[in-house]
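Here is what Swiss-Prot says about this protein:
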{"type": "ACT_SITE", "residues": "LYS114", "note": "active site, N6-AMP-lysine intermediate"}
{"type": "BINDING", "residues": "ASP31, ALA32, GLU33, TYR34, ASP35, SER80, LEU81, GLU112, ARG135, GLU172, LYS289, LYS313", "note": "NAD(+) binding site"}
{"type": "BINDING", "residues": "CYS407, CYS410, CYS425, CYS431", "note": "Zn(2+) binding site"}
{"type": "DOMAIN", "residues": "591-668", "note": "domain 'BRCT'"}
Amino acid sequence: MSIEQTLDELKQQLNYHAYRYYVEDSPELPDAEYDRMMQQLLSIESEHPELVTVDSPSQRVGGEALDGFTQIQHEIPMLSLDNAFSDEELEAFEKRMNDRLISKPVSLFCCEPKLDGLAVSLLYVDGKLVQAGTRGDGTTGENITENVRTIRCIPLTLQGEGWPTRLEVRGEVFMPKAGFEALNERALKRGEKPFANPRNAAAGSLRQLDSKITATRPLSFYAYSVGVIEGGELETSHYQRFVQLKSWGLPMCEETKQCHSLTEVKAYYKDILERRDALKYEIDGVVIKVDDIALQEQLGFVARAPRWAIAYKFPAQEELTVLNDVEFQVGRTGAITPVAKLEPVFVGGVTVSNATLHNADEIARLGVHIGDTVIIRRAGDVIPQIVSVVEARRPTDSKAIVYPIHCPVCGSNLERVEGEAVTRCGAGLVCQAQRKEALKHFVSRKALDVDGLGDKVVEQLVDKEMVETPADLFKLSAGLLTVLERMGPKSAQNVVDALNKAKATTLPRFLYSLGIREVGEATAANLAAHFYTLEAIQVATFEQLIEVSDVGDIVAKHVLNFFAEPHNKTVIEDLQEMGIHWPEIKALDESVPQPLAGKVVVLTGTLHKLKRNEAKAALQELGAKVTGSVSKKTDILFAGEAAGSKLAKAEELGVEVMNEEQLIELLN
């Protein structure tokens, strides 16, 4: 075989396996074998530079830095879309189309998520990528060919056969959530400013003059339409064109769907909106298009948008508002959290008047002042936060935020441990705020789960000095509780009954209820499974603690410090005297097969045939250590429906993923 033939064979193999990995998400080769083939290609091209072609996989690493971008002209304008913000506006869109159509009304739609990225045009000539450009103003864009070549999921050469001689593919370059988080983590470690959101990160990465930088960024791409078509024909259905493009190696959003009526379109919108936070990428709505290409051509365009497509936008997740004040709150472990008091603003479907500012470092990074106009962001159930300041609107009477040096509740000195971002009040349960939060945690659902003892009741109990420690809760009588607001005799008796019921608990729940720093539900369960008894945990050494799954140096130190504190020992003794108890944990019978012995597993997503706690218990019986987060230590992720960010991280780390059916098969 000649050098040229060897090179062609390597290119074909590398392109095929890149498609399997980046587009199909179904690799056939180990990473090491792919890397070996790539090194062989690079070695041949290094010895024979005259054989290097623009479609070679080696060109994905980036080339020489540019002085600036040249411009390209779009042969067919890249238009934007009109927006709809309600079902009524969507219905009006359908009516406008049907009023214009001479023949049949629209009966089939193609729907897809509206990705929050950067629109690009890819031009393939004879199956090879020869040009890539940004949308720009719709008629003129920037030539970003070298940067686009570095995006692994975009084919440099089309697969299969039947593609037109000249084919322009349009789509969105975006940065998946997991990649965005990893990129920002690396930036923070290097002391660099992180990106505000994935869209900014994608746009900034794509417009780098040095394509080697773009090559290091976790960019992806989904095709959504075509432009120029010469020397061939495509399907007459918009959806089938997607399928056609995918067969040629171009990525297609897996959420794209055909809908047979506007009722189905509305259901699709609602479904995507509900699953928005679980998707691997940021979206801000759904795009609805007439599926029939002939009808698209009949409907045509207005000045800036097609008549046959519309973007049904989600409620805004970012809005402008004014920072009126900052309130410093004290948490269960004494952490001081600055809370922004905002001019109320409707964002992400709710009215927001408070947002977290995290800590002193975040305030300094934002450079925010009281009185500033700020951009507030709310995503799903995430606490709203300020993402940036509009400094051009800063008023002359704005005030710098002064971080306190004393606890705003008890007046104790605040301290910041070296290496931590959080400032803390070290007064412990002497501080009323910490006492309230510790008691709320103690009775919470994942801890002792005391029904009827909500936050407001706990706050009243502390304010009236009826309770100081968790053990005091079990001394309360129905008669005493009736002095509280909205607490009649029946409600009071229900609380007492719930407290008595809560005395029978489990060791993991009890450990979690104590509020040891960094010891969540999963870590508490791992400690209990490892040591079997509370007494063994209390006397465990640092070396013994770090042998426990999910327990590192920091958590081990927190556990040691907690049990070394005399006050905490007294609280535990008092609770046991009040009748708190749990069943004995027996050591595992080594004669029983344990196929998951020593395996670290994570459960995520919605399970339909199993209850989460049942699945967790069954996995533990098989020897697995069930944790709450995905890391390099994770062996298996069991992913139910709408698995979200944990699934994305597992895929990024190469963790084995099993679905619910595989989980059931394993348990059986």
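If you go along the chain as it appears here, the first residue is 1 and each next one adds 1.
Note: Cβ is positioned from N, Cα and C throughout, glycine not excepted.
DSSP assigns CYS407 (Zn(2+) binding site) to coil in the three-state reduction, placing it in neither a helix nor a strand.
Across the structure, CYS425 (Zn(2+) binding site) and LEU81 (NAD(+) binding site) place their CA atoms 52 angstrom apart.
Residues in the domain 'BRCT' (591-668) partition by DSSP class (helix H, G, I; strand E, B; coil) as 27 helix, 17 strand, 34 coil.
In sequence order, VAL330, GLY334, PRO408, VAL409, GLY411, SER412, GLY426, ALA427, VAL430, GLN432, ALA433, GLN434 are the same-chain residues whose CB sits within 8 A of the CB centroid of CYS407, CYS410, CYS425, CYS431, the residues recorded for Zn(2+) being left out. Looking only at the recorded positions LYS114, CYS410, CYS431, the one with its C-alpha closest to LYS289 (NAD(+) binding site) is LYS114. Residue pair ARG135 (NAD(+) binding site) / CYS410 (Zn(2+) binding site) shows a Cα separation of 57 Å. The CA atom of CYS407 (Zn(2+) binding site) is located 52 Å away from the CA atom of LEU81 (NAD(+) binding site). Long-range neighbours of CYS431 (Zn(2+) binding site) (same chain, six or more residues apart, CB within less than 8 Å of its CB): VAL330, GLY334, CYS407, VAL409, CYS410, SER412, CYS425. The Cβ of LEU81 (NAD(+) binding site) lies under 8 Å from the Cβ of VAL287, ALA305, PRO306, ALA309, ILE310, ALA311, each of which sits 6+ residues away along the same chain.
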